[in-house]
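Swiss-Prot annotations:
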type    : residues                                 : note
BINDING : ALA10, SER11, GLY12, LYS13, SER14, THR15 : ATP binding site
DOMAIN  : 2-197                                    : domain 'DPCK'
Amino acid sequence: MIIGLTGGIASGKSTVVEIIKDAGYKVIDADQLVHDMQVKGGRLYQALLDWLGDGILLPNGELNRPKLGQLIFSSEEMRYQSAEIQGKIIREELAAKRDCLAKEEDVFFMDIPLLFENDYQDWFDQIWLVAVSPQVQGQRLMKRNHLSAEEAGMRIASQMPLAEKLPYASLVIDNNGNIDDLKKKVKGAIKDLANLV
């Protein structure tokens, strides 16, 4: 059984991943995979360099991630181009990791932030969605990423609205409360999962 885990930016998904890992389940992290491929010499690093030129690099040759983020989130056209350029490479690499882990584990998770936006739904037996109100999401994003309200709003607006994701979720994990509430909900879901398998 493969479970897709998703949620909007600053929804608390990373905390959910830690709880799942603590329960002994393996989690493929799409963000980490992207990060690894964006290091100097990686597949995405080269694709981004070919697209945007060396203005996105730091003096040491590494990607200037804040500048890259600002560029990509600056317009819908840039986001679309980024998805086109990086999407195919990311899908290939995630599929390879998924197929490899499926040989070793009966049940595992894949943490994919843009699961619905990039049409990964058919990869999964279940989809767990971490949900948070736009107000809480905005506050957390501004605090975590040191963004202005406008920048946070642009990033949130670039993702599919929560209401459109809800019908596709097997499980919705409400994370508008505190960390203890979240742990209780996730541990309950994991217990239910263990009874299913």
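Note that the numbers count up from 1, one per residue, in the order the chain is shown.
The backbone N, Cα and C atoms fix where each Cβ goes, glycine too.
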Practice task
Other than ALA10, SER11, GLY12, LYS13, SER14, THR15, which residues of the same chain sit close to ATP? List them in sequence order, counting a residue when its Cβ is within 8 Å of the Cβ centroid of the site.
Solution key: GLY7, VAL16, VAL130, VAL132, ARG140, ASN175
Problem - Spatial neighbours of SER11 (ATP binding site) that are distant in sequence (at least 6 apart) but have CB under 8 A - result: VAL130, ALA131, VAL132, GLN137, ASN175
Handout entry: Site of maximum Cβ density within 10 Å, from binding-site residues LYS13, THR15
Key = LYS13
Practice task
Could you check the binding-site residues ALA10, GLY12, SER14 and say which one's CB has the fewest neighbouring CB atoms inside 10 Å?
Solution key: SER14
Handout entry: DSSP three-state assignment for SER11 (ATP binding site)
Key = coil
